[in-house]
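The feature S-adenosyl-L-methionine binding site is assigned by TrEMBL to Gly32, Gly33, His34, Asp52, Phe74, Asp95, Gln102.
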Amino acid sequence: MEYHNPVLLHPTVDGLNIKPDGIYVDVTFGGGGHSKEILRRLGPNGKLFAFDQDEDALANALPDERFTLINENFRFIKRFLRFHGVKGVDGILADLGVSSHQFDVPERGFSTRFDAELDMRMSQKNDLSAYRVVNEYEEQDLRRVFFDYGELKNAPLLSRTIVEAREHRPIKTTDELKDVLAKFLPERIRNKVLAQIYQAIRIEVNQEMDVLKEFIEQSLEILNPGGRFSVISYHSLEDRLVKRFIKNGMFEGEPERDFFGNFSVPYKTIGKLIVPNDAEIKINNRARSAKLRIAEKI
Ligand SMILES: C[S@@+](CC[C@H](N)C(=O)[O-])C[C@H]1O[C@@H](n2cnc3c(N)ncnc32)[C@H](O)[C@@H]1O
């Protein structure tokens, strides 16, 4: 089975406006689709650093002396690049979320298609798992997870139902969770609601929103002036953070005006929002929710 089919491959790499001698970072290496294309465009003196927190991705490391793969969370991008002697880079690419590999291996627990133990950790080093969120979180914390990350209006009822069920015995697998929540999963909306529940738990397990914020802030510090930021997100919570930061240099509120009354912002937006065309979605259904934003550091 293919590890991952890269989404919006050319526009995302085009967005980096690659200089042959530049230093680039692919923070979501996965199957290496985007990394291979970056290396193809780099000259002999260019460099590519890639991150992936999933040990499984290490098997895809590219045999190229211009390439270094770092098996760490990209929330530590600045620290690990510094460790490799890199202070400034010319472009950063992020293709957020889960790889097809993670989704397709039943034991990883990311998919509602299989009956597997509740897991959903992208990194094998992560202590928090879907099992712990479902079985150990206080009711109000579960409610927050479902409400904030799944945008589920019935978050209070879902949480209450889980807490009551686990008083009898722990909820260990996908099918047990589906059974516990059966009354909220009528056939008509079953897949949609399950996807929202799973998205919420996954975001919490991997602390995806906090991680993304830390990464976005550090990227700005690391990019050289004129350096490019090319980011694909897959749900509105991620896209909102990326969009706001590119526009305003902050996640909330408005930037301050300078002496002349102009907004002082760190990025220039490059082009419009890019989404996959019908042909790409037809051959790769996982591309359907992708949104690509490109920015250049001023
Ligand atoms: C959508 S896939 C990327 C696929 C890749 N662009 C390709 O062409 O094969 C996302 C990958 O990023 C990794 N990932 C997600 N969040 C991460 C994080 N915070 N730190 C490091 N890796 C992360 C996942 O483990 C997964 O392999």
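Even glycines carry a Cβ here, placed using N, Cα and C.
TrEMBL: automatically predicted annotations, no manual curation.
Whole-number maximum of the Cα to Cα distances across the S-adenosyl-L-methionine-binding residues Gly32, Gly33, His34, Asp52, Phe74, Asp95, Gln102: 18 angstrom.
When other Cβ atoms within 10 Å of the Cβ of Gly32 (S-adenosyl-L-methionine binding site) are tallied across all protein chains shown, the result is 22. Among the listed binding-site residues, namely Gly33, His34, Phe74, Asp95, Gln102, the Cβ with the most fellow Cβ atoms inside 10 Å is that of His34.
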